[in-house]
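Q: Supplied in structure tokens, the structure appears directly below.
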Amino acid sequence: MEKNCGSGQSKLKALRMHIYFEVDFQEQAQHYQAVLYSRGVTVDLQPIEKLNARFLRLNPDLALCVDENGLWLSANGMKMQPDWKAEIPRLKRATLKSEMIARACQLGEKPVLVDATAGLGHDSLLMAYLGAQIQLVERHPILFTLLEDSKAQAQHDPFLSQFMDRIQLIFADSASYLQQLDQEEKTVDVVYLDPMFPQRDQNQQAIKKQAQVKKQMQLLHLLLPEDGEMDLGDHLLELAKKVAKRVIVKRPRHAIFLANQEPAHQWQGDACRFDAYFQ
């Protein structure tokens with residue numbers, strides 16, 4: 001089930017994007033064009049002879065492309081999509097005991113959980129697999145459409161389809177969505193925050209990602225530049241605390257506390273940690 005709360009693109013500038021496609025995929029490209037247009041994105045269709053690595057290198061600007069695997073974001077010779085199917089090996093290894101995120105979010109209790117910083121949806125995919133009922137909130141129309149496409153593909157996968165009904169995609173601004181829950185006096189068990197730009201450690205040094213800031217994240221940073229508007233984080237914490245019994249914030253291990261607020265509890269891993277705030 002997908003939900004449009006009407007505020008997904010309210011604060012975003014007008015967007016225009018190319019979709020590159022081979023002629024065999026024209027119908028799919030036209031479908032994505034119509035969907036994106038309904039979400040405020042003007043899309044120019046660009047049929048090409050061959051969508052391959054050479055073409056992507058020669059056309060480095062941020063764009064979309066369509067092939068037999070659906071919709072992709074491309075730039076600088078790379079392309080990416082949330083690709084939930086690629087997460088299957090990780091999911092099959094995961095248990096409530098082995099996953100720190102499961103302990104932090106109490107997934108064994110099958111919570112209703114709002115993921116207010118959707119990203120590529122991989123953490124939500126894991127949490128849904130382990131039993132949570134997920135409300136996955138994303139306001140950027142292109143990223144939301146990529147997530148929607150990944151979920152649609154997952155619904156046809158024998159393994160992933162078993163728990164896709166536990167993931168609800170919501171096209172909305174996370175702050176507005178949390179405010180709406182508060183105004184309607186609705187609560188959830190958990191709000192999960194994984195800000196894309198944690199930036200600084202305790203010594204105010206910029207945090208370096210792993211040598212390969214994943215290809216996916218490189219392209220996401222191009223789509224969602226750190227311009228203040230897209231840097232989801234500090235302002236969501238207080239909103240989340242109003243509607244959830246438990247707020248869990250994922251941070252790089254040495255990052256400063258979100259909004260400089262010390263958590264009530266922490267779970268520490270080698271590369272990241274989970275900070276907990278309780279109501």
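For all residues, glycine too, the Cβ spot is worked out from N, Cα and C.
Pulled the feature table from Swiss-Prot, pasting it below:
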type	residues	note
BINDING	E138, R139, D194	S-adenosyl-L-methionine binding site
Q: Indicate whether D194 (S-adenosyl-L-methionine binding site) is helix, strand or coil by DSSP.
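A: Note: D194 (S-adenosyl-L-methionine binding site) is coil by DSSP, not helix or strand.
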Q: Counting only other Cβ atoms and using a 10 Å cut-off, which of the binding-site residues E138, D194 scores lowest?
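A: Output over binding-site residues E138, D194: least Cβ neighbours within 10 Å is D194.
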Q: Specify the count of other C-beta atoms within 10 Å of the C-beta of R139 (S-adenosyl-L-methionine binding site).
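A: There are 25 of them.
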Q: Should E138 (S-adenosyl-L-methionine binding site) be counted as helix, strand, or coil on the basis of DSSP?
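A: Once the DSSP labels are grouped into three classes, E138 (S-adenosyl-L-methionine binding site) ends up as strand.
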